[in-house]
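Structure record follows, encoded as structure tokens.
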Amino acid sequence: MTPPLRKILHADCDCFYAAVEMRDDPALREIPLAIGASAERRGVIATCNYPAREYGIHSAMPTARALRLCPHLTLLSGDFDRYREVSAQIQAIFHELTPLVEPLSLDEAFLDVSAVSRFSGSATWMARWLKEECLSRTGITLSVGAAPTKFLAKIASDWEKPDGLTVISPDRVDDFLLRLPVNKLHGVGPATSARLDALGIATCEQLRTLSLDDLITEFGKFGQRLFELARGIDNRDVRVERERKSISVETTFAHNLPDIDSCRPALLPLCERLEERLARHGYPPVSGIVIKVRFDDFTLTTLESQGLAPSQESYDRLLEQAWARAKRPVRLIGVGARLLPEAKRRQLTLPLQ
Ligand SMILES: [Mg+2]
């Protein structure tokens, strides 16, 4: 039985926070510009414009490093109230097209347009309309990808950034996938990528030569996912109105970390990525922090602390307690922030650091 064909759009603003700043102050357009917390606060870059990217700066990079790469970088701490306002305008445009909108952050969303009859049902024309409306009403450019699945729509929106429009129609899915590098697949991070590389697998065409059995032996449960993604299968629905309860990032290590001392240095890059994710969500109020550790025997332990703000020091303390529960080599560490429920946000907020 073939499932009904879906039309999914992934819409993503181009360097959103920087774009809002450049819109409001044209003097910033041609110079390297980044939004992020200061180096003194051990901040990371949340967004930067294209002139800054030419210096090798990218989001989640420590601000101190960005300033070494480009000493004349214009660094702004960011006006998140203003970004949230523009975000609300853009999300409203999405909702004019379909009620099936799943926001991923302030500047990014999936839209399920399978049932939309406007534009003769053409996803390409819908994507064009979104781009035009967004630009004319907010002055911000969008990149949009259209595809039959979420993971392909997301890859497509990134394909011709900035101001991109990439459509992967159902008949082009196979062609597109065969040449696709495996590290573009949803969930394939550096560790999986390195192991695939060691197996001589660089593209989805090569990935398809591995049997489901092989993949499960090599990657556990994720092996099944790899098997499906390489064939364009991704049945995740666009999920509407889900209140985000936490924001987290995690890393599976290419080699297990033997002890607590070797785990500690891994926290810094994780905390930097978490900080960038929090920034992408406009710094929602945080009610506590959580750490997750998976040991070499695949047992998982999580530890939560209410009332702590996300900082490397807090995670360090939690990590030590979590590790002490098993005292085994570690294959994965995750750090997260628990978000204050929307209903409580007006009553209490914690400072971020
Ligand atoms: Mg974006």
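Every residue gets a Cβ built from N, Cα and C, even glycine.
Database features, via TrEMBL:
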- 8-189: domain 'UmuC' (DOMAIN)
- Asp12, Asp107: Mg(2+) binding site (BINDING)
- Tyr17: site 'Substrate discrimination' (SITE)
- Glu108: active site (ACT_SITE)
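Structure with TrEMBL features highlighted.
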{"residue": "Asp12", "record": "Mg(2+) binding site", "DSSP class": "strand"}
{"residue": "Tyr17", "record": "site 'Substrate discrimination'", "DSSP class": "helix"}
{"residue": "Asp107", "record": "Mg(2+) binding site", "DSSP class": "coil"}
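This prediction places the mean pLDDT of the domain 'UmuC' (8-189) at 96. Among the listed recorded positions, namely Asp12, Tyr17, Asp107, the Cβ with the most fellow Cβ atoms inside 10 Å is that of Tyr17. Here the C-alpha separation of Asp12 (Mg(2+) binding site) and the residue listed as 'active site' works out to 4 Å. Using a 10 Å Cβ-Cβ cutoff, Glu108 (active site) registers 20 neighbours.
The CA atom of Glu108 (active site) is located 12 Å away from the CA atom of Tyr17 (site 'Substrate discrimination'). Put simply, Tyr17 (site 'Substrate discrimination') is 9 Å from Asp107 (Mg(2+) binding site) when counted between their Cα atoms.
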